[in-house]
Amino acid sequence: MNDLEKGRSNLFIVVIFSLFYFHRRPNMRFSTACVVCTAVIVGQASAQTFQRLGACPTLGCIFPPDQSDFLPGQWFDIRLEAHAPQNGSEVVPGYLTPDEKFTFTIAKDGKPNSAKDAAAYFKIDQPAIERWNFTWYEDLFAQAAKTPSMVKVAAKAYRKVALYEPGNYIATLTYANGSVTQANWTVRDTKISQKAKNVSLNGKYQTRMAMDKFPVLGHQMTHSIDSFITDSANSATALYTGHKSSVNALGVYADSSPNPLDDPKVQSIAELFHEVRGGGVGIVSTAFIADATPGALTAHTRNRGQYGNVVDSFLNGITNYTWPSWTGPDVLFGGGAEQFIPSSKSFQGKDYYQEFRNKGYNVIQNNTALQAAPTTERSLGIFSVSNMAKWLDRNVYKNNTQIPKTSPDGSSAAAVDQPGLKEMTLKAIDILHKRNPDKGFFLMSEAASIDKMMHTLDYDRALGELLELDDTIKATLKHLEEIGELENTLVIVTADHGHGFDVTGGVDTKFMDAQTSDRAKRNAVGTYEQSGLSQYMVANRSAPIGSDQNLVYSAGVDFPVNWDPRYTLQSGLATFPDHRESYRIHKGSVRVPALNITGFSSNDYFVSYIDAVTGFLINGTLPVSADQGVHSLTDVPVFAQGPCQGAFGGVYNNVDIFYNIATCLRLQRTKAGH
C-alpha cells in the first residue's frame, strides 16, 4: 500500500500573476443571476457602472446566487434580502416597506414536492429578521448630481450550513405577495478516491520557463460574478472556495448589510483541508501578508481593506459567527509589519507578534533568523513594513533597500536583511513537512509583486519578480524530490488574473535619448523586422567597471546579466494613466508614473515630471482618477504536474480549480460529520 492509499495528502500551491496571454476569446461565459419573479418586482438589471447589489437584479436576493457550485459538505452561509426602493427608477408603487414575511425553501431538482422550509431542511433554528437601509447611485449622472437612491432591506442569515448529496437544488425565495427569486445550486458529483498528496503552482523565463515544461496546460476565465474585470480579492475567493464573488470581497458573497463582516461566507480550501484532513497549512507572500491573495484563505469580509481583521483571522479564524474551528497556519511568511506592531493599524491595537507568540509561534523578522529557525515549530515570519523589497532592489540596486522605518520590529532602521520568495518557500516546505509527516500540508506561496509592478508600469521589476518565481519553482521541485515528496505532489502554476501586458517591438534607447521631440523619440521603436533582439543577456563591457551600465549579476543563472542595455523591449499594458515612456529601467526605486498636482483635485492625476524624462508622452486610456494600470479580462494559463494533472487541461472557469484540487485531495463530505 503506497502513501496515497494510506490517505496521506499534501497540497502545495504557489500563485503567480501572469504577464502573458493578452488576447480574449469572444465566447465569454458569465455566472449571472437568473430570476423567476413577477414583472412588477424586477429591479434595474441593466445597470452597468453601478449596481444596487451585485448578483441581485431583482428586489429579492439569494446569496449564494443562481448557478453556484458546492463541494459536498462544504460549509457556507445563506443571506436572504428583500429590497424596497424608496426613490429612483426602481420604486414599486405601494411597496415601500420590505416584506418581512418572506419564505425560503430548498428542494432537490426533479422532486417538486420535496421543497422544505430552509430552517427545517438544515435542521437549524429559524433566523431572526434583520433590518437596515443603504444607498446607491443608479448611474454616473446620479453620482455627478449627488442624488443617491435609498433602499430599505429586510434580511435573514442562515449560518454554517452544508449540502452533502451531489445533484441540483432549487432555492426559492418568495416575497411581496408572490414574487419569486430562484437560485439553482449544484453540488458537484466528485469521486471519493484520493489521488494526490501534494499540489503546486509556479513559473519561469528565458529559454523555456519551468512551467512551460509541465505536461498539462489549461486556461481559466477570471471574470467576477457581477463585472467583467476582477480584482485579486474575488479572484482569490474563486480559486480558494469555488464561488465567484464581487470586487473587494474575501470568502463571502457581498450583501447590502452595514457590517462588512457579516456577509454570507463560504468555506475555503485551507479551512476544508484543515478540518477534513487535519493537515498543516502554510501561507507565503512577498506582499504585506494581509493583502487579498493570502488573506482570502482565512478571511471572510466584503472589504479586503480590513487588514487588521484579516491578520486576526489567520490566527483565530472567524470568532463572531458560527463557523468551523481554526487553530492557525503552521507557516505565515510575508511583509506587513504595520498590522502586527501595536498601533491604530493593528486589530484592536494589539501586539500581534505577541498574540502569535502566546499561541506557540516562533516569530522571525529577518532572513538570517529564517535560515536558523527550527522546523519543528509553527512560525510567523514578517520581514518588512508594507510589501517586501523587490528582487531587483535586493540584488542589483541594493541602495534602494536602505529605507528608514521599514524594519519589521517597529524601529527606525531599514529592512535590509529580507529573504526572497525562494528562501521563504523552501523554509515553509521544511516546516510543513516536518510537522505533518502523515496528514500532509497545504502551502500557498505568492510572487505578489509581479502584479504590483505591473500596476505601476514598472516592467523591469515585474520581470525580476517573475524570474525569481521561476528560480523558486526549480528549487521547489528539486527540494520536493530530495525529501521524497515530488511524486505525491500536484504542482499547479497559475494566476488569479492578467494585466493585458504584451511586447510589441524593440527600442533603441540611445537614439531615443538623443531626440528632442516626442514624435522623433517614437522613431526609436522598431517593429517587425526592425524590432531586433534585446541585450539583456549581453554584458556592457565598454562601461566603466562597477558602474550600473556594467552590472553582471548572474552569468550562468536565469536572470539578465545587463538590466540597462541600449536595446530594450517595447512593452506595456492595454490601459494606463497619462505617463511618459522611455522603456528603460527605473534604477532609483519603484516607478510612479502619474502624480497629483497641487491645486488640482486630489483624484486628478497627471504625467509625473520626474519619471522617464527622456521618453515620450503617452496619453492615458483610463479615467483621470487612475494613477496606475488595471487588470484585464484575458484568460490566464494553468500549468499542472503530478497526480490529477489531467483535470487541469482545457478551458474552464476559475472556480473549477478549487473543485479539481478538492476532489484530488478528497475533501468532500457526503454527510454531516464525515
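Each residue's number is its place along the chain shown, starting with 1.
The backbone N, Cα and C atoms fix where each Cβ goes, and this holds for glycine too.
Caution: TrEMBL annotation is automatic and unverified by curators.
According to TrEMBL, the active site, phosphoserine intermediate annotation covers Ser232. Within the same chain, the residues at least 6 positions away from Ser232 (active site, phosphoserine intermediate) whose Cβ sits under 8 Å from its Cβ are Asp291, Ala292, Thr293, Arg304, Asp451, Asp496, His497, listed in sequence order.
The secondary structure of Thr293 (Mg(2+) binding site), as reduced to three states from DSSP, is helical. The feature Mg(2+) binding site is assigned by TrEMBL to Asp291, Thr293, Glu446.
Here TrEMBL flags Asp451, His455, Asp496, His497, His631 as Zn(2+) binding site. Annotation for His455 (Zn(2+) binding site): spatial neighbours His499, Gln628, Gly629, Val630, criterion Cβ-Cβ under 8 Å with sequence separation of six or more.
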Glu446 (Mg(2+) binding site) versus His631 (Zn(2+) binding site) - Cα distance in angstrom: 17
Binding-site residues compared (Glu446, Asp451) - the one with the fewest other Cβ atoms within 10 Å: Asp451
Residue among the binding-site residues Asp291, Asp496 whose Cβ has the most other Cβ atoms within 10 Å: Asp496
Asp496 (Zn(2+) binding site) - helix vs strand vs coil (DSSP): coil
Assigned element (helix, strand, coil) containing Asp451 (Zn(2+) binding site), judged by DSSP: helix
